[in-house]
Amino acid sequence: MTTGSKAKRRLTILGSTGSIGQNTLDVIAQLGGRDAFEIAAITGHDNIDLLASQAKACGAALAVTANEDRYQALKDALAGTGIAAAAGRNALIEAASIPSDWVMAAIVGTAGLAPTLEAARRGADIALANKECLVSAGDLFVRAVAEGGGRLIPVDSEHSAIFQALEDDQQHAVERIILTASGGPFRTWSREQMANVTPATARAHPNWSMGFKISIGSASMFNKALEMIEAKHLFNVRPEQIEVVVHPQSVIHSMVGYTDGSVLAQLGCPDMRTAIGYALTYPSRTKLDVERLDFTKLARLDFEAPDEVRFPALRLARTAMERGGLQGAIMNAAEEIAFHAFVDGRIGFLEMADIAEAVMDQMIATGTAETMDAVFAADEEARRRAGVLVAQREKAA
């Protein structure tokens, strides 16, 4: 860990090859790179060329691929550099356990749960971009952060906005959390049109540059559904205090409403590097090379209520929060299976929500999220059931 004002901060990036990870390395480079930071470890999955290139560029001590079959390729790519290579699930957890001041948790999906939880237990400040930590194991994760003594700083643009708009010592005065949503590429489409959506069409986000999974999650509004559950755990609010408003321009990233009628909002151009930079330098702010918001060029800012008939994921999030227990983990796992089935052309776009809801209803009596074993068991069973439903629909088509 760092000591002294001039010591380099020690960082770990879990998920460096994804969209968030790449933007994180860009921010680190802007803020001084090797002169200001020591990179303890970076991790990726199948993109070995990019992972090795990143490790060399940032001077990481360790590079880890989650795919054990790619270990030799990574080792060969790093030969002669002095950078250690490792592979597999246990290697991810070991990378997360390396003492660091700050950990970017950007591994997508439930694969990020165990390593992020380990980093939290070790006392690092966690810049959280992985949704599943809070959606599937919110109480466990928040408790691990508290026990570890680190800080939890959200990186999602919406949660970062809320984090910034929350006034110190005014939690008691928070009346509502207002998450904004662009509405995605199908905001004005009918259900009939959405039934014929292809993965390529769903991938096109109108405002943000993001990865494939997140882009399709934005199109279905499942991302927003997960963010609702995250907000409940991050900001210790009741489900009924969480609102979603569609804001097509994505200029207002989210808002906090207070009991005196005031609403505080965080605005900016849609660029993930702003939220990443804030998380990296919190509680300070620093100069970043990102586009500045020009109010004179904003012709209008529009807002509308979300249509939960066309976008039922929002309703499912409320159901999961009301039921509690493992419903968040179940919803997330079932949606992941449905997502892959949609991408593979096995089911339609609208069927993703149908499958998630069906599995949630089937597993309504499943226990509580008291342990990671319980979370993983529910996740595994939800995936199995979702797979069965996908196969049934595919056969009936």
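Each residue, glycine too, has its Cβ placed from N, Cα and C.
On a predicted model such as this, the values are computed, not experimentally measured, just so you know.
Counting every protein chain shown, the Cβ of N130 (NADPH binding site) has 29 other Cβ atoms within 10 Å. Per Swiss-Prot, the feature NADPH binding site maps to T17, G18, S19, I20, N47, N130, E132, G211; the stated evidence is sequence analysis.
Listed in sequence order, the residues of the same chain lying 6 or more apart from E227 (1-deoxy-D-xylulose 5-phosphate binding site) and placing their CB within less than 8 Å of its CB are K131, D156, E158, H159, L179. In three-state terms derived from DSSP, E227 (1-deoxy-D-xylulose 5-phosphate binding site) belongs to a helical segment. The annotation 1-deoxy-D-xylulose 5-phosphate binding site is assigned in Swiss-Prot to K131, S157, E158, S182, H205, S218, N223, K224, E227.
Within 10 Å of the C-beta of D156 (Mn(2+) binding site) there are 26 other C-beta atoms, taking all protein chains into account. Per Swiss-Prot, Mn(2+) binding site is recorded for D156, E158, E227.
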* Asked: Here are some binding-site residues: T17, S19, E132. Which one has the most Cβ atoms within 10 Å of its Cβ?
  -> E132
* Structure fact -> When each of the binding-site residues N47, N223 is scored by other CB atoms within 10 A, the minimum falls on N47
* Other than its own, how many Cβ atoms are within 10 Å of the Cβ belonging to G18 (NADPH binding site)? -> 24
* To do: Within 10 Å of each Cβ, count the other Cβ atoms and name the one among the binding-site residues I20, K131 with the highest count.
  => I20
* To do: Would you mind reading off the Cα separation of S19 (NADPH binding site) from N223 (1-deoxy-D-xylulose 5-phosphate binding site), to the nearest angstrom?
  => 15
